[in-house]
Amino acid sequence: MVDSCLLFGQPSNKQQPTTNKQHLTILGIDSMTDWIKTTIESMGYVGIALLMFLENLFPPIPSELIMPLAGYTANLPNAKLNIIGVFFAGLVGSVLGALIWYYPGKFLGEHRLKVWADRYGKWITITSKDITKSKDWFDKQGNKAVLFGRLVPGVRTLISIPAGISNMPLPSFIFYTTVGSAVWVGLLTYSGYILGSQYEIVDKYLAPVSKIVLAVILLAFLVLVLKRTHKRRRR
């Protein structure tokens with residue numbers, strides 16, 4: 001594991017040979033951590049909102065790292081940020097980012113979006129298959145898919161697309177997106193705030209939670225289908 005001094009740009013007294021794995025770590029997660037940390041320190045609340053906005057546009061940028069780090073920053077001695085401001089900055093950025101994907105779905109439609117995804121989606125790790133899966137899920141769950149989708153990694157960004165394709169009313173979309181995003185952003189922010197310098201382990205514990213949320217949604221859908229099937233048979 002890379003020395004924590006490397007994460008925060010501080011000199012380390014440890015002189016250890018750097019392995020290939022450490023090189024990959026430094027070029028990967030550490031460089032992103034440094035970029036996120038620098039953005040938050042230099043731009044404050046605006047930087048947090050911007051990062052969460054970009055997280056919705058480019059899924060490889062993880063909210064699981066942005067908000068815990070922002071929460072941790074708010075808990076540092078003489079911090080210029082407070083946890084309430086951090087939360088609302090992250091929430092605003094998240095909702096605005098979700099809106100960016102809502103409108104292409106609404107005005108371009110499913111077919112043209114799939115064509116675009118097959119041509120250019122590789123740059124933001126989105127494929128036409130992802131759009132199809134998210135559309136199928138939205139069709140099954142309805143408006144609730146937007147709320148619960150904001151709690152599931154990998155679905156948060158994509159769920160805006162089928163909402164637009166299905167012409168979900170904008171006020172309803174904003175409401176469900178805001179509620180779902182508030183839960184997710186609040187959980188990440190507070191986790192980073194209380195975990196301190198161990199904020200990076202948040203993703204380790206939230207991954208199972210997200211899977212549980214998804215399993216509950218699928219189970220609820222299955223129960224609904226069984227109930228409807230039972231009613232039809234009785235008729």
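Residue 1 is the first one shown; counting continues down the chain.
Any Cβ shown, glycine's included, is placed from N, Cα and C.
Database features (TrEMBL):
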- 61-193: domain 'VTT' (DOMAIN)
- 42-61: transmembrane segment (TRANSMEM)
- 81-103: transmembrane segment (TRANSMEM)
- 173-193: transmembrane segment (TRANSMEM)
- 205-226: transmembrane segment (TRANSMEM)
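Per-class residue totals from DSSP over the domain 'VTT' (61-193), listed helix then strand then coil: 104 helix, 0 strand, 29 coil. In the predicted model, the domain 'VTT' (61-193) shows an average pLDDT of 86.
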